[in-house]
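Per TrEMBL, the features are:
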ACT_SITE  Cys268  active site, nucleophile
BINDING   Asp120, Asp148, Asp206  S-adenosyl-L-methionine binding site
DOMAIN    1-331  domain 'SAM-dependent MTase RsmB/NOP-type'
Amino acid sequence: LPEAFLRFLQANGIDPSIYTPRYLRLKPGIDGIEAEIKCKLEKVNWLPGFYSLRPDILIANSKSYLDGKIYGIDAASGAAVSVLNISPGDHVLDLCAAPGAKLCMMLDLLGDSGSVTGVDVARHRLAACRTMLQKYSLGDRCRLFVADGTTFSLAPLRFREWTSRRPWKERKRAAKARPELIFYGRHSGVVGLSKNKLGYDKVLVDAECTHDGSVKHIQKFENWGWTTLQRRVLDAVRTDSLTLLQLKLLRNGFRLLKVGGLLVYSTCSLTVAQNEDIVEQFLKENAPAELQEINEAEEWPCKSGRIPKTLRFDPLTSQTSGLFVAKFTKL
């Protein structure tokens, strides 16, 4: 690793020599995977449905993977989804949905009622989400929109309800402004919401970041070039623009959250600027926002963030990728 990145790791208390296992999640009710891939899966005791496996084991060509029975997702990312406490019947918004593993986990937890709305600004990345939904047969209760997460504005209403009460000219103008719908599951509409219940029950803002907490991501720079790392991860100008984007995503996610709902903000960055500083700024300007204790973390291999009630996963402490997690409710 280049000296600049080693200094970055040292400043954030991360040992660059750590070993991080790979993780996967099994769809509920699946067994017999070990015999097929000829490898023993190590159960992640603190996170249901998750297993670790050796880095040299290839699963991409296995029948279980091709049939949509298993999918790769880091345990820390799974923990962020778990913090939302998704229950059957919830209407959930994933404001930065690509590449889609968290989206799939949400739908697994949702079961046979409720809905998940996935949003991403990049059409090709959201198309990959659509492919995952179809591969894992999880699309019935999901809709996907190509849209800017900082301005996305659709509440979880049925399309008919959304249009029928407006004058024709207003409906026409509004239709032009609607985000592009690229996938709509047959049960992803929402029925029976009254005006005082508008908004999503749960919102995940897993914001775009420098990805410096992901060992797997940093390893890619061996091929991309270390000068690219300097530009994408260590450059102060880019970081400033990212933190502004992160704050805007958090603001909009909270705006779309119903009163009493839960929002999780997360990034896979190790930096304070993209995590605790964002949370502090957001709380200063949003009186109805309240940080919530993450009770599940009592059994998790993580540590507290620099703000009480926030969490940090890191390769050294957690044997996962780095991840920051904060949970809010709307008063």
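The backbone N, Cα and C atoms fix where each Cβ goes, and this holds for glycine too.
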Discussion item. Looking only at Asp120, Asp148, Asp206, which the record lists for S-adenosyl-L-methionine, tell me the maximum pairwise CA distance in angstrom.
Written reply: 14
Fill in: Site with most surrounding Cβ atoms, counting all protein chains shown within 10 Å, from the recorded positions Asp120, Asp148, Asp206, Cys268
Asp120
Discussion item. Tell me the Cα distance separating Cys268 (active site, nucleophile) from Asp148 (S-adenosyl-L-methionine binding site), rounded to the nearest angstrom.
Written reply: 20
Worksheet item: Within 8 Å of the centroid of the Cβ atoms of Asp120, Asp148, Asp206, which other residues of that chain place their own Cβ, given that this set defines the recorded S-adenosyl-L-methionine site?
Response: Leu95, Cys96, Ala97, Ala98, Val119, Val121, Ala122, Ala147, Gly149, Glu208, Leu249
Response to the item:
One should report the C-alpha separation between Asp120 (S-adenosyl-L-methionine binding site) and Cys268 (active site, nucleophile), rounded to whole angstrom, as 17
Practice prompt. Grab the pLDDT values for the domain 'SAM-dependent MTase RsmB/NOP-type' (1-331) and give me their mean, rounded.
Written response: 83
Discussion item. For the C-alpha pair, I'd like the distance in angstrom between Asp206 (S-adenosyl-L-methionine binding site) and Cys268 (active site, nucleophile), rounded off.
Written reply: 8
